[in-house]
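Copied over from TrEMBL, here are the features:
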| type | residues | note |
| --- | --- | --- |
| SIGNAL | A:1-21 | signal peptide |
| DOMAIN | A:41-197 | domain 'FAD/NAD(P)-binding' |
| BINDING | A:ALA50, A:GLU71, A:LEU79, A:VAL115, A:TRP359, A:GLY366, A:VAL367, A:ILE368 | FAD binding site |
| BINDING | A:GLN186, A:GLY187, A:ASN188, A:VAL189, A:ARG230, A:ARG231, A:GLU242, A:GLY366 | NADP(+) binding site |
Amino acid sequence: MAPRGWGCWRWAAQPRARLLSPAAAPLGFRQLLSTVELVPHICVVGSGPAGFYTAQHLLKHHPQARVDIYEKQVVPFGLVRFGVAPDHPEVKNVINTFTQTAHSTRCAFRGNVTVGRDVSVSELRDAYHAVVLSYGAEDHRTLGIPGEELPGVLSARAFVGWYNGLPENHKLTPNLNCDTALILGQGNVALDVARILLTPIELLEKTDITADALRVLRQSQVKRVWIVGRRGPLQVAFTIKELREMIHLPRSQALLDPADFEGLEDLIKEAPRPRKRLTELLVQTALKPPKGEKADGKAEAPRAWGLRFLRSPLKVLPSPDGGRVAGIRLAVMKLEGSGENAQAVPTGAVEDVPCGLVWWFKSPSGVIATTMNDGFLTGQVLLQDLEEGVLPIGPKPGYSSIEPLLKNRGVQPVSFEDWEKLDAEEVAQGQAAGKPREKLVDPQQMLQLIGH
Amino acid sequence: MAWLLPARLQPWRMFSTSRLLQDEVQDSGPQQQLTVNFIDHLGKKITVPVKEGQNMLQLVQKHSLNFPGFGACKGSLACCTCHLILDKEVFQKLDPVSENELDMLDLTCGVTATSRLGCQLCMTKDMDKQNIWVPKGVTESYTPQ
Ligand SMILES: Cc1cc2nc3c(=O)[nH]c(=O)nc-3n(C[C@H](O)[C@H](O)[C@H](O)COP(=O)(O)OP(=O)(O)OC[C@H]3O[C@@H](n4cnc5c(N)ncnc54)[C@H](O)[C@@H]3O)c2cc1C
Ligand code: FES
């Protein structure tokens, strides 16, 4: 086999779905129940790709298994709805597959239920034969440098949640009233943020970006976006498809310092194809700007984005009145070692970059495809456990014992049918505005619409 | 830069791709019946009849072939779950792989020098009676760290 795609090893950093090890069944009973007699009730926590792919695998390979998918949001699909950029609708096509899974008579969606608050994991373990945790990766870490509390310093994750209609980020409404923005990190989420900031508004108007985000972006003064990385051009984490989109962004030009890219082509002769093609595209863009008409058009581009390498944030610099971000102090780094494992170490030099907005992003990332493999794998392990009699034997009540608990606690679960009503409403509202959908962002309104 | 994809499969025609992909290949008169052999993720050989020009993702769907997770993005070049591996000789006879497909292949788990994405690959006479591999089961391409 040829070398693996880097998507594989880079992004599969941690399994997305985790099976809680069941309490061991007494030995003598292990073989008593064959898979055929047992109707396994399985609980999946989280309705993102990991949860749905796990459910899909279980339903497909076990003729009796029943799967309940618990989700804290009113609506399903996790980061496919709240993470994937609005101008990437094709990525969201996986929703069709998830919808098919949810339509199985042996699968139920239980939205608006937060596991750990509305129902405990141990209650779920009592009610189900197995509990699969696939609640994704939360991102509550802070940037960890002085000045990060200043208005204008934003978590990229919250910003993404805001333009994608995540209820808890609904009130973020950032002030884009400055001409230079800076993003810390050179991964695909950084490029998503940069692209959303720079894409001509008439293109965004045709996506499912929220109405509030459109309103704010329409008034945006941002003309230049720096995307800053600790390491060099050979270590960027974004992928070629996303880079190409940036390069082809209408009315924006790339600001790449040729000095950063000279001689790189010689260093990548032996690199795996993905790194090689990505670097070639960077080098080509930096060193051989398009000629003729196109170049003229780009030179007048009102907006620009650029990559800055070997810079690590030290401090956010306040405006004279202390009320906002005015810039950021970056440590100048150098590389020790080479290739993917090169380490950035400070040189002692610093650089101040003026900017009115700073985004940071720290979170394990992944792609939907790796999540799919994880989900299938979890399903497979679970089925194996069932077959070998490792899971608790004897009937389990499943949802019928959880339902009264939720009722007593005043929790109102949302079914997949309910979601489909909301879906229809969103699509109808979107149609009026020429968008694929207008996302509902207020959980209370959503619950009202479905008659809760 | 040439975009070599057939227009109907270009990912930026975003809202229409999934619908269009369900269309069948236009029947342009009598066509020679060809066959391909899929070697599925478990190593089982499945031979299916196919006409020249038939899209491989559509073919897999048409015959309800049970490859796990295949075609998640419905052929809009956004997921790489339709990964197929060809024989070197066959691969070399096909048209060069488009830049967009290569971009996506660069993200594909276990990509090989003769990998293609099924949603971008259409049947040619050179593929007649040849083997096409579906990458090995999900467990084998998975390495927990
Ligand atoms: C900004 C961004 C953009 C991305 N863009 C792409 C892209 O273009 N293409 C791509 O392939 N991948 C993309 N990804 C990666 C992809 O979204 C993830 O790999 C994938 O969503 C992970 O799936 P998951 O099911 O593990 O997690 P999630 O999608 O996060 O799903 C977890 C679910 O669990 C729920 N949950 C959490 N806690 C609880 C609880 N206590 N009780 C009940 N439910 C709970 C959450 O609400 C959520 O719905 C992107 C990621 C981000 C952050
Ligand atoms: S089906 Fe998604 S890339 Fe081919």
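Along the chain as shown, residues are numbered 1 onward.
Glycine too: its Cβ is placed from the backbone N, Cα and C atoms.
Keep in mind the model is a prediction, meaning the values are calculated, not measured.
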To which of the binding-site residues A:ALA50, A:VAL115, A:VAL189 does the lowest count of other Cβ atoms within 10 Å belong?
A:VAL115
Could you check the binding-site residues A:GLN186, A:ASN188, A:VAL367 and tell me which sit with their Cβ under 8 Å of a chain B Cβ?
A:VAL367
Ranked by the number of other Cβ atoms within 10 Å of their own Cβ, which of the binding-site residues A:GLN186, A:ASN188 ranks first?
A:GLN186
Which of the listed binding-site residues (A:GLU71, A:GLU242) has the least company, meaning the fewest other Cβ atoms within 10 Å of its Cβ?
A:GLU242
Cα proximity to A:ARG231 (NADP(+) binding site), best match among binding-site residues A:GLU71, A:LEU79, A:VAL115, A:VAL367, A:ILE368:
A:VAL367
Within the set A:GLU71, A:LEU79, A:VAL115, A:ARG230, A:VAL367, A:ILE368, which binding-site residues show a CB-to-ligand 1 distance under 6 A?
A:GLU71, A:LEU79, A:VAL115, A:VAL367, A:ILE368
Restricting the comparison to the binding-site residues A:ALA50, A:GLU71, A:TRP359, A:ILE368, which residue's C-alpha is spatially nearest the C-alpha of A:GLY187 (NADP(+) binding site)?
A:TRP359
Spatially closest candidate among A:VAL189, A:ARG230, A:GLU242, the listed binding-site residues, to A:TRP359 (FAD binding site) (Cα to Cα):
A:VAL189
